[in-house]
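The feature signal peptide is assigned by Swiss-Prot to 1-50, with sequence analysis given as support. Annotated N-linked glycosylation site per Swiss-Prot: N69, N238, in sequence order. Among the features that Swiss-Prot reports, disulfide bond is placed at C82-C135, C165-C249, C191-C244, C196-C207, with the record citing sequence analysis. The annotation Ca(2+) 1 binding site is assigned in Swiss-Prot to D95, G206, S214, E216 on the grounds of sequence analysis. Here Swiss-Prot flags Q177, D228, V229, D231, D301 as Ca(2+) 2 binding site.
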Amino acid sequence: MYGIEYTTILIFLISVILLNYILKSVTRIMDYIIYRSLLITVALFALTRAQNYGLNLPITGSMDTIYANSTREGIFLTSTLCLYYPTEASTQISDGEWKDSLSQMFLTKGWPTGSVYFKEYSSIVDFSVDPQLYCDYNLVLMKYDQNLELDMSELADLILNEWLCNPMDITLYYYQQSGESNKWISMGSSCTVKVCPLNTQTLGIGCRTTNVDSFEMVAENEKLAIVDVVDGINHKINLTTTTCTIRNCKKLGPRENVAVIQVGGSNVLDITADPTTNPQTERMMRVNWKRWWQVFYTIVDYINQIVQVMSKRSRSLNSAAFYYRV
């Protein structure tokens, strides 16, 4: 009798354990199915809703070529466009309502009133210290000046690319650049940068680390300086820290919601730092009109083609953004 009861209890316990194991197995299988389904759903959603960043098409100065549209239809209804121009333009036009007139012309191209913003800057040099590129699409007009070619090239390199930067403590540390994408960016009201390359014993190569006057000057009284030195060699750096800052930066890639339109000049400026590569002219364009009304009329005519070789981004850019990826 007791044997039967013990057997019954044992069978009952085994059944409970077996049932518990089956339930846990079913739960694990269901969890796997549910999580896998969620993962597939999220992946498909991300792919179907992903931002189209378009194509990096080279623009060699001519704006009469049709490019494949890399933006969504109706994008102008929800996008903003910023047009940056020098003070010279508004002075020459000398019309208090010229912006309203251009806004009406942009309206005929599909850009609603209020979606186009006009931003004035005093000079290329001043603009390079504090550019504020907040719109979905940003067009920067730069009047060609032979005496400012290098400033224009550096500014274009700065705003047409994204940079990830970190502060540099030049009083405590030596620094070296790791490759072509690694640069030191100096910004301020007046930047004079000197460097002293060091050998493996941390002795100066052609300079004395204790004598700043023996350092090699790579920038003098600049507001923006992108410094490139020999890769893989430590350098001691001297900088006018009271009027300037310097950051250790790595170029991450193109900032595709910015384009530069060069006004005048025989060729589009090449902003490539590497002399062995083809000129970098992505989103660099050129118009050759003498009068600013003609320049703006051309931009209105070709605005949609210009935007089609750009890509809308949600990240804004100001002077602090050169130090961080935003």
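Here, residue 1 is simply the first one shown, and the rest follow in order.
Each Cβ is built from the backbone N, Cα and C atoms, and glycine gets one as well.
This view paints the features noted in Swiss-Prot onto the structure.
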residue : record                      : Cβ neighbours (10 Å)
C82     : disulfide bond              : 19
Q177    : Ca(2+) 2 binding site       : 20
C191    : disulfide bond              : 24
C207    : disulfide bond              : 20
S214    : Ca(2+) 1 binding site       : 13
E216    : Ca(2+) 1 binding site       : 15
D231    : Ca(2+) 2 binding site       : 11
N238    : N-linked glycosylation site : 17
C244    : disulfide bond              : 21
C249    : disulfide bond              : 23
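Look at D301 (Ca(2+) 2 binding site): DSSP puts it in a helix. For the recorded positions given as C196, D301, the lowest number of other CB atoms within 10 Å of the residue's CB is seen at D301. Note on proximity: of the recorded positions D95, C207, S214, E216, the one nearest Q177 (Ca(2+) 2 binding site) is E216, by Cα distance. Cα distances from C191 (disulfide bond) to the recorded positions C82, G206, N238 are smallest for N238. Inclusion criterion for the recorded positions C135, C165, C196, N238, C249: a C-alpha placed within 10 angstroms of the C-alpha of S214 (Ca(2+) 1 binding site); this criterion is met by C196.
For D301 (Ca(2+) 2 binding site) paired with C82 (disulfide bond), the C-alpha to C-alpha distance reads 16 Å. Ranking the recorded positions D228, V229, C244 by the distance of their Cα atoms from the Cα of G206 (Ca(2+) 1 binding site) places V229 first. Distance noted between the C-alpha atoms of D231 (Ca(2+) 2 binding site) and C196 (disulfide bond) is 13 Å. For C165 (disulfide bond), the nearest of the binding-site residues D95, E216, D228, V229 in terms of C-alpha separation is D228.
Long-range C-beta contacts of D95 (Ca(2+) 1 binding site), restricted to its own chain and to partners at least six residues apart, with a cutoff below 8 Å, comprise S101.
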